[in-house]
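Noted in TrEMBL for the protein shown:
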| type | residues | note |
| --- | --- | --- |
| DOMAIN | 12-156 | domain 'Phosphomannose isomerase type I catalytic' |
| BINDING | Gln115, His117, Glu142, His280 | Zn(2+) binding site |
| DOMAIN | 177-260 | domain 'Phosphomannose isomerase type I helical insertion' |
| ACT_SITE | Arg299 | active site |
Amino acid sequence: MAKAANVDKVKRLRGWVQNYDWGRCGAEAQVARLLALNSGAEVKPDRPYAEFWMGTHDSGPSFLADGYGEGQNVGLKEWIRKNPNVLGHKVLEKWGPDLPFLFKVLSVAKALSIQAHPDKELAKELLKLKPNLYKDGNHKPEMALAITEFRALCGFITLEELKGVLVDIPEIVELVGNASAKQVLDIDKQDGAEKVKYALRSVFTQLMSASKEMATKSIAKLKSRLHVESQLRCLTEKEQLVLHLEKQYPGDIGVISAFFFNYVELNPGEALYLGANEPHAYLSGECIECMATSDNVVRAGLTPKHRDIQTLCSMLTYKQGYPDILKGFPLSPYITRYLPPFEEFEVDRCILPKGASTIFPSIPGPSIFLVFLGKGTFHIGSREDIVTEGDVLFAPSNMEITISTSSELQLYRAGVNSRFFHTAL
């Protein structure tokens, strides 16, 4: 029984995989590699492996890897509820006996839906109105940290860029109508932000609300025009992207709506964060992702799943401009921290060369570690734990961990945003 009651050790976890159809297939997916290493599961070559989840969300919960004397298939959520002090009192006081963050790895082969995540108020309302579609009442701010080159659509382009789109892409004007297009084209810099927001909302809603028949017709026209023009000039990056999306989702209104969004390319080690009610679509690549514990997604394009166009168009902030890219800041020679403006989470990336060691200091909240590559040792007090790639470990609050390696080690840590502990004093 002493072992069961012992909550001052790291706990090895089994992660959960989501096989969404946009995932990379078989062994080429990092998600599949991690699943096989983490749980010994067989990887099927023709099956998509989209997301590897580490956390307590009911749609993909983690389990204690060997029960730790507490029986088989003990969920991390259940174990935390029985041992709430592992969270630290500030986290427990703020979020109750549950992890406030959800940690993931994504392997993206084709575009995810054009989507946004509701704020807390809207999430509670959607849960009440459509519980079959929206499974929890929490918001879902998130951050994607690129492992490979990673591409995404994120947020609306500037007013000047939008005017250029309406001038250069006649197929969009056909779909939204001359009046909506003119409303945007007639705005000048003296007009207030609210007028700009109203015009953008109006033209975007008209576009996304176009009938399937109209969308299919306009996309076919766009496609044939761009093929002709490609013989005479180099297509822009965005035009090439739209043709690529059309192959993945023929006739989908999301294809043509891509012209409205910023096209973002992250290099490995760069991160992108997204607040509530911000439109985005991940396009390709692999990333570490962290978010508040929620799975609420409002979709409107590039998807075979349910679309809630009215909700999406009414909930967006309609902020314009290129998103902030986080490059992280060094905590130590081997650890880089990514700190988004959300209380629930932060992510550390640790790349430890052969023979090196580093310290993750004691903090007043819980952490989840993912050993991504290599092998090393966790030193906690007088105890030592060998860790290898694919291992996922839960570390309770107030635990200093020294990590060493005799080969090379790459790992990621998710925890509660350290700024929360400063403001919670």
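Cβ atoms here come from the backbone N, Cα and C positions, even for glycine.
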Residues close to Zn(2+) site centre defined by Gln115, His117, Glu142, His280, Cβ within 8 Å: Ala116, Lys140, Leu274, Glu278, Pro279, Val297
DSSP-assigned states of the domain 'Phosphomannose isomerase type I catalytic' (12-156) in counts, ordered helix, strand, coil: 44 helix, 41 strand, 60 coil
Arg299 (active site) versus Gln115 (Zn(2+) binding site) - Cα distance in angstrom: 4
Neighbouring C-beta atoms (10 Å sphere around the C-beta of Gln115 (Zn(2+) binding site)): 24
Proximal but sequence-remote residues of the same chain as Arg299 (active site) (Cβ under 8 Å, at least 6 apart): Ser113, Ile114, Gln115, Lys305, His306, Arg307, Asp308, Leu312
Residue distribution over DSSP helix, strand and coil in the domain 'Phosphomannose isomerase type I helical insertion' (177-260): 62 helix, 0 strand, 22 coil
